[in-house]
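K.L.:
Got a structure here, written out as structure tokens. Questions coming.
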Amino acid sequence: MSDIKETEVTTEAPEAGAEQAQTEQRNERGGRGGRGDRNQGRGGRDRNDRGADNQFLERVVTINRVSKVVKGGRRFSFTALVVVGDGNGVVGVGYGKAREVPLAISKGVEDAKRNFFRVPRSASTIPHPVQGEAAAGVVLLRPAAAGTGVIAGGPVRAVLECAGIHDVLSKSLGSSNTINIVHATVEALKSLEEPRAVAARRGLEFDQVAPARLVRAEAEAAAAAKAGA
């Protein structure tokens with residue numbers, strides 16, 4: 001009986017040693033499949049890239065499913081109209097198309113960044129009334145007093161908020177097509193001019209061109225700066 005017990009002990013010892021060796025190998029490799037190293041790979045780069053892009057505001061205005069008729073049937077894809085801005089006077093509109101919605105939005109964001117332009121502002125509103133037209137879309141923008149907010153529909157609101165305009169009155173006078181409205185809003189913003197640039201072009205004083213509220217606001221700001229100094 002003692003011989004049998006000794007034999008059993010000697011046969012179990014190698015199995016325990018083998019399991020210990022496998023455990024050590026797994027620890028050296030960083031677990032099954034090296035899962036610990038994956039955080040430093042593609043996933044980590046994506047998170048860093050998203051963190052770098054967080055400085056921009058992104059608004060997906062509309063997503064449409066479109067189709068193309070080919071010999072074998074129909075090919076479906078998606079289009080995305082995206083507005084991107086920094087909320088401080090820079091905005092752009094982009095259009096993306098792909099087989100999947102996330103890829104279409106990503107393409108739209110990249111296209112919007114290529115179309116960035118700067119919007120003249122007066123405090124939190126626009127310097128003067130302006131009207132923009134694109135195809136059949138017509139959008140009218142008017143300055144508003146501080147605290148009014150963005151009085152606008154969805155497509156116009158997306159563009160104005162991304163541009164950093166917080167007090168404005170708007171009215172869509174033409175087509176109700178979302179794409180036309182967005183492009184008409186962009187044309188209206190591109191038509192804005194700085195009051196000082198207009199005064200210099202006309203050979204007039206700033207007070208003669210700028211609205212009274214803007215002159216009053218600049219005078220108050222100058223007085224506050226002088227008192228602080």
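Positions of Cβ are set from backbone N, Cα and C atoms, glycine also.
Summarising the annotation, TrEMBL assigns compositional bias 'Basic and acidic residues' to 25-52. The domain 'S5 DRBM' annotation in TrEMBL covers 56-119. Per TrEMBL, region 'Disordered' is recorded for 1-53.
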K.L.:
Looking only at the domain 'S5 DRBM' (56-119), what is the mean pLDDT?
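P.N.:
So the average pLDDT across the domain 'S5 DRBM' (56-119) works out to 94.
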K.L.:
Of the residues in the domain 'S5 DRBM' (56-119), how many are helix, strand and coil by DSSP?
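P.N.:
When I sort the residues of the domain 'S5 DRBM' (56-119) into the three classes, I find 14 helix, 38 strand, 12 coil.
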